[in-house]
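Noted in TrEMBL for the protein shown:
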type: TRANSMEM; residues: 53-78; note: transmembrane segment
type: TRANSMEM; residues: 120-141; note: transmembrane segment
type: TRANSMEM; residues: 181-205; note: transmembrane segment
type: TRANSMEM; residues: 217-238; note: transmembrane segment
type: TRANSMEM; residues: 250-268; note: transmembrane segment
type: TRANSMEM; residues: 336-359; note: transmembrane segment
type: TRANSMEM; residues: 452-470; note: transmembrane segment
type: TRANSMEM; residues: 477-502; note: transmembrane segment
type: TRANSMEM; residues: 578-598; note: transmembrane segment
type: TRANSMEM; residues: 672-693; note: transmembrane segment
type: TRANSMEM; residues: 705-727; note: transmembrane segment
type: TRANSMEM; residues: 739-760; note: transmembrane segment
Amino acid sequence: MSDHNELPLPKRSIRTTIELPLFLNMLATFLTGMSMTGILLVIYGMMDGLGPWWFLSTAIPFSLTGGFVVLYTGAYCYVNDTSSSSTTAIRMMILDGTMALGTFFGSMFSSYLIEAIGNVYVLLISATINVIAYAFTNIWIVESLTGAIQNGATKIFDLQYMKEMFTECFKERPNFGRTQIILIATVRLLVMIVTIGTMNLEYFYSRKKLHWTLRDYTTFSAIGTVIAFVGGFFGIMICQRICRLGDIPFSIIAILSAILDNIIKLFAVQSWQMYLSTIASPLKGLTGPLMRSYVTKFLPTEDIAKVFALLCAVESLAPIIGPVIFNSLYSSTLSVFPGAIYILSTAMNIVSVIMLILVQYYSWNRLSASAFTAIVLYRSCIYNLNHTVDECELFLSPVKTNHTSNLETDVQKYYTYISTTKLVLDNICPAIMSVFVGVWSDTYGRKPLLVWPLFGASISGIFLVIFEMVNSLNPWWLLLTSIPFSLSGGNVVLFTGAYSFIKDTSSPSSRTIRMLLVDASLCLGTLVGSLSSSYLIVHMESLSGAEQGRAGSLFNCSHLKDMLKGCFKHRPNKGRNIIILMAIIKLVLITVQVGWSYLEYLYLRNKLNWSLRVYTTYSAVSTITAFFGAFLGVMVIERLLRIGDITFVMIALTTAIIDYMIKAFATQWWQIYLSIFVSPFKGLPLPLINSYVSKFLPEEDIAKVFALLCAMESVAQIIAPIIFNSLYSSTLSVFPGAIYILSAVMNVICLVMLIQVLYYSKKNVVDVNM
């Protein structure tokens, strides 16, 4: 019942008292709830004739009085009221740490006490400690809320409090505050499900796999608790403050350490490996206090108690859901693979990490590409179409209104002219450089191809910030921000270097997943890439014997001649035809990807009246789906089913065609989301094509062909906006979904060419790892 009676508390805890949940819970628990539970436990321990199902009745009094959910709701609110923002995290960690210390002493000495004095006296000791805790709380803790009304316990179940909690938790907030609350609550639920699910089974797992006794396990559990307590204390007091890590990045590190813990336990065959898992994850218990600390820093004071109650309510579901999921899995896999529970734990923790990355993304409040689109729409409306500020400022609003409907067509058409020009300017220099850099890097190394574009991206980023800050700048000034990145080679040179670097440093068996990681990193955030040039400057060169300097020799025409000769020389088993087909396929695919991606926000704004906020939420969901789809596809489906790279590309393109057709004719928001989930592999074709090429070519020709493929990519980024923007501008008032019809048709053409490549590959005597 504890999952029902905690909901009305937040309003009560602010307007009436924050001590009340503590006082009510401790009074009811230790005088009635916990006392009754303790008495029932003593009776159950004394009466050997009672069956195990009678044990369930001992939980009823504690559950009826709210249990730990009500206790921790009050405790966290109390800490928030009595702490500064700089000490909230450490105090919440201490709160969790006290429970960890109690768990340590209980785990360490329980088996010895049971052996020495028996079960009944152990339960009596437990009840006595609870009474002492109640007395301390009731006598010494002072109310933290000034002006709190006393004696309001009878009003605690007023449904108005529950309604207000949900209203405040899920109301629209700036900077995606509502989305952050939902993500944090989901992460807490997942983390608690993993914690409770594995905690209840860890003894059985270690008993079956390592033949541990109860004493062995309680010693391990006690040591693990101490390490978690010490690690949490030093993590917040020292690591976080010295490294100046925020609460969310540190939470991500904590969950990553928990993933390491799960992986070690999964493969443990010796007792020392279990202890190693504990030592390797000293920070894994920090996610709770860190996320609560983060909540206190970005929410207004009057909403904190409500959100804390929501988090506690969500966490109260974990003891219900966790045992059902994990116990069922453990029971099903016990005789085959009992470590399956740790695989599930790892998967759920990875989901939590992805969600926390999104929270961090929202907390940075960075300008996304779609946000810049809104800025350019706004400035085009004012400076080029000569509308008033009042008319145009609605384009900057994160919430879409109908007041701009009479301006949408003209403004969007004008925007397509700017974006087309910008994209052409972005890719002219990279297109020229791409035909030289492949052969040049065979002599002078891959690292310059990584450092140059990242430096250029950093300068372009500074220019973008200036453009955004100076509101008086005409939108055509946006073109100047493209120059540094374009002159340094852009994404074309960057990915030529990246793919060549991977080829130099990986085996054929691991090349696909590594190339996938390159593309996935782009999806998860270009900001990290732009700022990582300082790391790449000192990174070890992947090409042994590379000559230093000589950037001036980049445009030597002999490099162009060598590249063309290496790409188009006659090869056995139609190798030259395969290269040409792959280059054309990549040209078409990049054209499609670039073409619709810059217009999707405008299309959804026009077709479904989506606001910027709705679109960025959809974009985030799409990125996560593509990320997981890519890893599931390469790591699981491709390897288990032994599907070759080309076959999998064809599957991915087929799902992409379905995606485009759904979007072309969508009339409801859910249909757009449906298109995401039917095409989880649509981001795989490009890395899989690069992987395939690297496997069937000799080592000395791979960089040359990668340069050709990247040259095709740069050409695609020039022609894509010309084709798609022109089509969108022409069909905007009739059928704006024509861009998706064109995308589907171009994908069908790629499928036909891939069938031909697959035919050639089947006849190829070289092992292509199909």
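Numbers here mean position along the shown chain, with the first residue as 1.
Backbone N, Cα and C define each Cβ position, glycine as well.
Note that this is a predicted model, so its numbers are computed, not measured.
It is 739-760 that, among the stretches 181-205, 336-359, 672-693, 739-760, forms the most Cβ pairs under 8 Å with the transmembrane segment (578-598). As a quick check, the transmembrane segment (477-502) and the transmembrane segment (181-205) miss the bar of 3 or more Cβ pairs under 8 A, pairs 6 or more apart, so the two do not touch. Contact between the transmembrane segment (672-693) and the transmembrane segment (336-359) is not supported, since fewer than 3 Cβ pairs fall under 8 Å when only residues 6 or more apart in sequence are counted.
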